[in-house]
Amino acid sequence: MARIGDGGDLLKCSFCGKSQKQVKKLIAGPGVYICDECIDLCNEIIEEELADADDVKLDELPKPIEIREFLEGYVIGQDTAKRTLAVAVYNHYKRIQAGEKGRDSRHEPVELTKSNILMLGPTGCGKTYLAQTLAKMLNVPFAIADATALTEAGYVGEDVENILLKLIQAADYDVKRAETGIIYIDEVDKIARKSENPSITRDVSGEGVQQALLKILEGTQASVPPQGGRKHPHQEFIQIDTTNVLFIVAGAFAGLEKIIYERVGKRGLGFGAEVRSKAEIDTTDHFAEVMPEDLIKFGLIPEFIGRLPVVASVTNLDRESLVKILSEPKNALVKQYTRLFEMDGVELEFTDDALEAIADQAIHRGTGARGLRAIMEEVLLPVMYDIPSRDDVAKVVVTKETVQDNVLPTIVPRKPSRTERRDKSA
């Protein structure tokens, strides 16, 4: 295509009939011309049709029970967190739907505000995986950001707007679709300020980042550099409204349980008070009793906590839960490795005590569910190296001794076929 400038015969738009002098730009195709005004009109029509399609999707939003049931198929345990997330996500997208209808009818009686989510719990217990599975179910753009890489504007590091760029990229640069996506910010406990009292010196990677995140968490029209990095005065920006972006902010918050225990322990004073030992509190979900004052003591600023009204906590996974994670979900590790061995024509089997031994190792290492794959790789590496070059193996059996004592898995040889036996005897 060629742009038509001034000079020569007076050309007209093939759609609206305006001459090239009446419009800013006239673009030529094979025998036709279109002006910039008609292009803008076409874009508006397409955007309206896409918005209608999005409304249909919101009308079909699954109910909280359906969301929880979907999560059950992929994530073991963490029932309280699943319920909390299911309700929060359902209400969030219902709020978007109400906003769309209210904008069309101009008489929405109540303005519904956003409820972002704070997830607390040890590493390797499913926080990230829960958020990923939710986004997968809802078919919305999803981006993960690391809070430790962020710094306040003007300092070395990433600006908070780069988080929004990841979401836009996940939506294939469809800004309208990105505006209803989910952003998961991990390691948020690492941006806690260094002390409970405000510091005189700048805390550019702690309190400064919390301050910078406030606006996008609440909802604002943000300017995002299309290539990431720092903003430059002469570059064009992508404008994105974060009002309908759901933020799930998560962290391990190591040490927060001590703050909670100090506060909860004070209840056990005076006659008739319920006294609980530290061991009794530790066996329960201590994060379930978290209060805003605990998070402020930990180092989050009150304004930041106020923008995260929904709190979901995950608990440490015990041996039983880890064994279930290995074998029960739709994409369980045992099923994945069984499929890999099937592709080489070999059956793979884990004994029950082998799965328990793998779970025990993950608990011992303190890596939770995240460490299960590494242990499986260590256990299966010798046979995964050897078996593709062999044609005499029918089955591999992984036992408790294989996991605990580094003994090679039991290899069951394949019985030769009649043809092979006949050829051998000949």
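Here the Cβ of each residue, glycine as well, is placed from N, Cα and C on the backbone.
According to Swiss-Prot, the Zn(2+) binding site annotation covers C13, C16, C35, C38, on the basis of sequence analysis. Taken from Swiss-Prot, the feature ATP binding site covers P122, T123, G124, C125, G126, K127, T128, Y129, and the record attributes it to sequence analysis. What Swiss-Prot records for 1-54 is domain 'ClpX-type ZB', and it gives sequence analysis as the kind of evidence.
Feature map: annotations from Swiss-Prot on the structure.
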residue : record              : CB count, 10 Å
C13     : Zn(2+) binding site : 21
C16     : Zn(2+) binding site : 13
C35     : Zn(2+) binding site : 25
C38     : Zn(2+) binding site : 18
T123    : ATP binding site    : 18
G124    : ATP binding site    : 22
C125    : ATP binding site    : 24
G126    : ATP binding site    : 27
K127    : ATP binding site    : 24
T128    : ATP binding site    : 17
Checklist entry - Taking the center of the Cβ atoms of P122, T123, G124, C125, G126, K127, T128, Y129 at the recorded ATP site, which other residues in this chain have a Cβ no more than 8 Å from that point? => result G121, V314, G368, A369, R370
Checklist entry - If the Zn(2+) site is taken as the center of the Cβ atoms of C13, C16, C35, C38, which further residues of that chain fall within 8 Å of it by their Cβ? => result S14, F15, G17, K18, V23, L26, Y33, I34, D36, E37, I39
Next on the checklist: Given the binding-site residues T123, G124, C125, G126, Y129, find the one whose Cα is closest in space to the Cα of C38 (Zn(2+) binding site).
Outcome noted: Y129
Checklist outcome for this item: Taking all protein chains shown into account, the Cβ-based neighbour count within 10 Å for P122 (ATP binding site) is 17
Next on the checklist: Give me the long-range Cβ neighbours of Y129 (ATP binding site): same chain, 6+ apart, Cβ under 8 Å, in sequence order.
Outcome noted: Y74, V75, A369
Item to check | Top Cα neighbour of T123 (ATP binding site) in the set of binding-site residues C13, C16, C35 | outcome: C35
Next on the checklist: Quick check: in three-state DSSP terms, what is C35 (Zn(2+) binding site)?
Outcome noted: strand
Next on the checklist: On a C-alpha basis, identify the one among G126, K127, T128 that is nearest to C13 (Zn(2+) binding site); the candidates are the binding-site residues.
Outcome noted: T128
